[in-house]
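Q: According to TrEMBL, the protein has these features:
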DOMAIN    67-220  domain 'Yip1'
TRANSMEM  80-99  transmembrane segment
TRANSMEM  111-132  transmembrane segment
TRANSMEM  144-166  transmembrane segment
TRANSMEM  172-194  transmembrane segment
TRANSMEM  206-225  transmembrane segment
Amino acid sequence: MAAAEEASRPFAGLSDVSISEDIPVEGDISVPVGPSRRDDEFSTLDEPVKDTIMRDLRAVGNKFIHVLYPKRSSALLRDWDLWGPLLLCVTLALLLQGGAADSEDQGGPQFAEVFVIVWFGSIIITLNSKLLGGTISFFQSLCVLGYCIMPLTVAMVVCRIVLLGGSGAVSFAVRLTVVMASFGWSTFASTAFLADSQPPNRKALVVYPVFLFYFVIAWMILTFSP
């Protein structure tokens, strides 16, 4: 107790010290507002719904353009989304509906089966890429594989139009040419986007499942008959 009293003696008179109101307080206290302003500029919370929808549609359209002109670009990987793949998958499944293979006897591809084939195949290819040491994320791979279905979806539209004129030898030759060109286009586009994310000595192991994936979809389109 004595030691505590001795330690508190130098501060005993501080309770009687008061600061006069006439003494001006110098110095400025400011809060930086730069980061908050930057956040406000990029904030979409107050953005109209119409502007948000139009911005997303433009982003999806730009990704379609990248697939039409495939090159080594990180646009699909950097700003990935699943709206385009979902739209293409639903469109392709709807176009494959109503074929002769949809009868109960043959048990052809129904809407749900096409949907499962596309998404389950994309998941398998993505897992294979990750296991082989790829640096691409799961959803980035799904985005690339889904968007690259677009040439095959266009081929399905062309085949439906060609089949309106009959299903003879000429019709089959035209459909075969269109489907094979679209199959090569989809495979080339997807590998162009995925190549840089894979180890150089394992690219062939990654491309092979992609080849099979698009080949199955191309075969479903080619064998479709109304």
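Cβ atoms here come from the backbone N, Cα and C positions, even for glycine.
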Q: Quick one: average pLDDT across the domain 'Yip1' (67-220), no decimals.
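A: A mean pLDDT of 81 is what the model gives the domain 'Yip1' (67-220).
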Q: With a Cβ cut-off under 8 Å, give me the same-chain residues at least six positions beyond the ends of the transmembrane segment (172-194) that come close to it.
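A: Same-chain residues near the transmembrane segment (172-194) but 6 or more away: 66-67, 70-73, 76-77, 129, 134, 136, 141, 144-145, 148-152, 154-155, 158-159, 162-163, 203, 206-207, 210-211, 214-215, 218, 221-222.
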